[in-house]
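A.B. asks: Taken from TrEMBL, the feature domain 'GST N-terminal' applies to B:4-83. For B:89-221, the entry in TrEMBL reads domain 'GST C-terminal'.
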2 protein chains.
Amino acid sequence: MANNDVKLIGAWTSPYVMRAQIALNLKSIKYEFLAEKTGSKSELLLKSNPVHKKIPVLIHDDKPICESLVIVQYIDEVWSSGPSILPSDPYDRAIARFWAAYLDDKWFPAIKGIGMAKEEEARKAAIEQVRQGLAYLEEEFVKSSSKGKDFFGGDKIGYLDIAFGCFLGWLRVTEKMNNMKFLDEIKTPNLFKWAEKFCADDSVKDVMPDTDKLLEFAKILIAKIRAPQN
Amino acid sequence: MANNDVKLIGAWTSPYVMRAQIALNLKSIKYEFLAEKTGSKSELLLKSNPVHKKIPVLIHDDKPICESLVIVQYIDEVWSSGPSILPSDPYDRAIARFWAAYLDDKWFPAIKGIGMAKEEEARKAAIEQVRQGLAYLEEEFVKSSSKGKDFFGGDKIGYLDIAFGCFLGWLRVTEKMNNMKFLDEIKTPNLFKWAEKFCADDSVKDVMPDTDKLLEFAKILIAKIRAPQN
């Protein structure tokens, strides 16, 4: 489907931007990617998202839509002829929305917390939170894929797959930086398989960042944040 | 509509619980209210929301649904024969979801910040954030009610009305505790009128807490939080 009127303001390092990209790919929507430069904000971004001044912003027919989960739902509702992203059953939708909110409010902040922790105790607490979240999601996967499906959403990637899967790049970076494994075949066998299938999917493989490239970016970012302020 | 299978775990002081109540009222769904006691958590709550252990929890056909905005959307989708809560247009839905997320992530934390601030500087910054949020929402109301409607959602209370309106009790408590006005006829003339209409609505008036009663509760709560820990 050709849509010259679809633009996405983003950056390759942002998991939130990746959510919008995967949703657009699933619906076969062509879009123009407007890359923000690290450390500065374009006028278009400031104009399009004056409240948060953050990526991603989807611009459709000159109208801006902000916040990644809002964007994914918008894409699903506007291009409703494509494969459905949200589950069709209201209860399943509620469960998917619940876990997506949990990931954003609790789990990914814990991942960031590992990198940002100044004391060992805080770092350990953050690691434990990340592990707890993965245990929850492993359990949820078993529940929702009780018919042996590949994804949370069933046979195809859905809302919770997108919400969770976009963090895999940063999870792997965190594993490498801390010399540990979060997703493994013993503790999280289902998530381990799910992650492999998610990353190999046509809608994902070209937008999932290379772990080593993201690791380099992360090292620079953390060094900047930790540098003494003038 | 009689629904003996609908229960809501809540408390009269919680703005988030009120969201679920208003949504159920709008859909004319009868439900059993299971009041949690202040300072303790029931076994049913811990079993129904093991991740956050927080109210509200809607229990429908023995299945728990957690997180207030997830609950409101669930109610709208399950009882779709009643008046629609989410706007019908995908872009309007995205805008409503955007502001609802803003209220939860930024604005209400600022309201809490006023009460919790230990230093005058932090208190002033929180007050400024609350005012900024109201300026945004006043502007949004003018945009979305350009045809002279009473509510953000049009003629009837909708998603953003519920998300925002449930905080009016705590906004009034904050005004009283700080001897100031946030919503007034000069700076926020549209929100001022909107708030009056919202509180007078049939779906709201019986669940909006009395400001003085809520003020007493707030004073006890803040005193407890500020008390030196043993």
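Glycine is treated like the rest: Cβ placed from N, Cα and C.
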A.B. asks: According to DSSP, how is the domain 'GST N-terminal' (B:4-83) divided among helix, strand and coil residues?
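C.D. replies: Helix (H, G, I), strand (E, B), coil: 29 helix, 17 strand, 34 coil.
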A.B. asks: So what pLDDT does the domain 'GST N-terminal' (B:4-83) average out to?
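C.D. replies: On average, pLDDT over the domain 'GST N-terminal' (B:4-83) sits at 96.
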A.B. asks: With DSSP, how much of the domain 'GST C-terminal' (B:89-221) is helix, how much strand and how much coil, in residues?
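C.D. replies: Taking each residue of the domain 'GST C-terminal' (B:89-221) in turn, the totals are 93 helix, 2 strand, 38 coil.
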